[in-house]
Amino acid sequence: MSAPIVRSLSDLRGMVARWKQSGETVGVVPTMGALHQGHLSLVRAAKEGCDRVIVTIFINPKQFNNPEDYENYPRTEEDDARKLGPLDVDAVYVPDGPTMYPDGFATNVSVGGLTNVLCGAHRPGHFDGVATVVSKLFLQTQADRAYFGEKDFQQLQVVTRLAADLDIPIEVVGCPTIREEDGLAMSSRNLLLSDRARVWAPELNAAMEELAEGLLAGGDAADLRAQAVARIERAGFTDVEYLDLRACDTLEELTSPTRPARLLAAAWLAGVRLIDNIAVG
Ligand code: AMP
């Protein structure tokens, strides 16, 4: 059976009010659909942590800095509802554009600092779009906990910051990245890869793992990084936008993993932008 779909904000509010009146806790899993095992792992974590679970599906135009990317983004609503069926979620909230951004909508939520680097530097406006839609989803669902993937590590930090700064009473829970057997991080964008590109895509993660090992062994950071970029480019990636070692909490750049650190990368393969990140140490 497919999961129950809710399209209107007033229906959602009614459901949540009834749950809260009965003292039940509510978890939310925000997504843009084209669901895979990565998303479903967040849903399972939410089911374990909360009495009620809402999955949201909204392909948020405000977070796409490229209109073509927005047009091409996979849309698979029926399949998504079917995949959520066995997980027994309480609602799949699928608002339309005007529900999220009615005529006259004029507010922008912008998180400073953390958003100046990495994807923020390469995708102007992206994190404002994320912060705005996530703020709305937090307020619309009134959830007690929200589940986000470490796959989008910078997004996880941004969302944690915004909830704290705006005193939104929600706990942001980060969940580990789920990967294909060959190491490729699961992503809705993987659906856009050609068969040939799919074969080479895991090289991004493999090169990152090799680089992390080298850094932990105390190798020269610049040499190791250059070797990793060369390996990624040999696999057919073009334009390695970034391949950085950064502090987990502040995202400031590090030359060696002297404190909790993360290696983060974004690169293009056959017209598809892939991102990944791994812990170092
Ligand atoms: P998206 O639909 O791509 O906006 O992702 C919705 C949520 O799922 C975000 O919190 C992502 O970080 C998370 N997510 C996406 N891919 C994965 C993955 N491979 N493992 C864990 N979480 C993921």
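Going from the start of the chain as shown, residues are counted 1 onward.
Here the Cβ of each residue, glycine as well, is placed from N, Cα and C on the backbone.
Straight from TrEMBL, the features:
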| type | residues | note |
| --- | --- | --- |
| ACT_SITE | HIS39 | active site, proton donor |
| BINDING | 32-39, 149-152, ILE178, 186-189 | ATP binding site |
| BINDING | GLN63 | beta-alanine binding site |
| BINDING | GLN63, GLN155 | (R)-pantoate binding site |
In chain order, residues whose C-beta lies under 8 angstroms from the C-beta of HIS39 (active site, proton donor), counting only those at least six residues away in the same chain, are VAL29, THR31, VAL55, GLY149
Students should find that the Cβ of ILE178 (ATP binding site) has, within 10 Å, a number of other Cβ atoms equal to 17
Recorded positions MET32, GLY38, HIS39, GLN63, ILE178, SER188: those with Cβ under 6 Å from an atom of ligand 1 are MET32, GLY38, HIS39, ILE178, SER188
DSSP says GLY38 (ATP binding site), in three-state terms, is helix
Going by C-beta under 8 A and a gap of 6 or more residues, the same-chain neighbours of GLN155 ((R)-pantoate binding site) are CYS119, PHE127, VAL130, PHE148
Across all protein chains shown, the one of the binding-site residues MET32, LEU35 with the most other Cβ atoms within 10 Å of its Cβ is LEU35
